[in-house]
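The next block holds one structure in the form of structure tokens; read it before the comments.
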Amino acid sequence: MADAFNDYEQLAVLPAGVRDFVAGGSGAELTLRRNRAALDAVTVTPRVLGGVGCPDTATTILGTAATLPIAVAPMAYQRLFHPEGELLLAAAAGSAGIPYVISTLSSLPLEKIAAVAPSWFQLYWLRDRTAVRALIDRATEAGCGALMVTVDVPVMGRRLRDVRNSFTLPPDVIAANLVDKSTEAHSTLNGASAVAAHTATAFDPAFSWRDLAWLRSVTEIPLLVKGILDPRDALAAVDAGADSVVVSNHGGRQFDGAPASIDALGSVVDALGNDFPVLLDSGIRGGTDVLKALAVGADAVLVGRPLLWALAVGAPDEALALLGRELRDAMLLAGCADLAAVADLATERNPWPIS
Ligand SMILES: Cc1cc2nc3c(=O)[nH]c(=O)nc-3n(C[C@H](O)[C@H](O)[C@H](O)COP(=O)(O)O)c2cc1C
Ligand SMILES: CC(C)CC(=O)C(=O)O
């Protein structure tokens, strides 16, 4: 049993290459580290004597009712961490009452995952437009409640840990949704990362606003654009028909030099206005981080790596229960009866970060 949501990284027993694939970032991992330093540097001034008692964490995210302002971030290849992979994590999300986001690169077919819990589908933009269309249709048919299109991976960031490890997927972990390309991440060329080689052939590096407008024209499903950091791009996403944006630097795995997501959040919220739904990810490691993100202006967060470590331990349900408890504790300590009160808290970026 873990004591804190962030404990599972220590508890997980995984091959070194898999551990590095999860923990690593791109380049010198500056943005990866910045995510944590910036969240640590945010201070929130608590309110007192509000008679809170039992804080209410319930919300609605893009029309989906959720018990917490949290969704499971889309993450590829979850059978790397547990034989049941996506099914176990999605079921835990379903029991916790929060949305699970199925990755384009899930290691089980999206239909099987959507059958165990209310899910959204994350879309990577493939060179093959017919394949993109097929994924949208399959996700819709499977009952996915929203489409989250990822816009910060024209190509995978150079993950030096994966390159140095010549990281490849084991034979039983496949990209189950991609009919022709499901096993391409299994062999390396010249000691490169096989995952990087696969995405370089599969993903369209020229993905553009015009494609996003096309996507909007072919589906009425709620559309989230994941990977926004600049307020001008946030406005362009809204122009293209997005229903929400996810402020994200992909957990420091893409452009190494990007700001921390929490530092980019304020200007995006200012540009879009308080009523437009904005999500955030990258660096959320506990209930206090969730509260900070909401106090700075997010409506909800995506939680990433800690849930993969928890999956490896076989305890994603316990992890989500802990995260919920941490959020309720943080709300009580900060004097917030509900999430509207969290949005009203005063925040500052402390010039003397703790670490
Ligand atoms: C192992 C791993 C796989 C990921 N796969 C995807 C993916 O398939 N699609 C996607 O949009 N983001 C993917 N991401 C990024 C996450 O959705 C999220 O943006 C990131 O993990 C947030 O950072 P954090 O984990 O440090 O909180 C992946 C992240 C990790 C660690
Ligand atoms: C295989 C990758 C493109 C999946 C991903 O988004 C990531 O590892 O960050």
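Note: Cβ is positioned from N, Cα and C throughout, glycine not excepted.
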| request: Going by TrEMBL, TYR124, HIS250, ARG253 bind glyoxylate; tell me which of ARG158, ARG159, ARG216 is listed for that site too. | output: ARG159
| The record names TYR124, ARG159, HIS250, ARG253 as the residues that bind glyoxylate; what is their largest Cα to Cα distance in Å? | 18
| task | Would you identify the secondary structure of LYS226 (FMN binding site) according to DSSP, in three states? | result | strand
| query | How far is it from LYS226 (FMN binding site) to ARG159 (glyoxylate binding site), counting Cα to Cα, in Å? | reply | 20
| remark: Out of the binding-site residues HIS250, ARG285, the residue with the smallest number of other Cβ atoms within 10 Å is ARG285
| field | Intrachain C-beta neighbours of ALA76 (FMN binding site), sequence separation six or more, cut-off 8 angstroms | value | SER103, THR104, LEU105, SER106, SER107, ALA175, VAL195
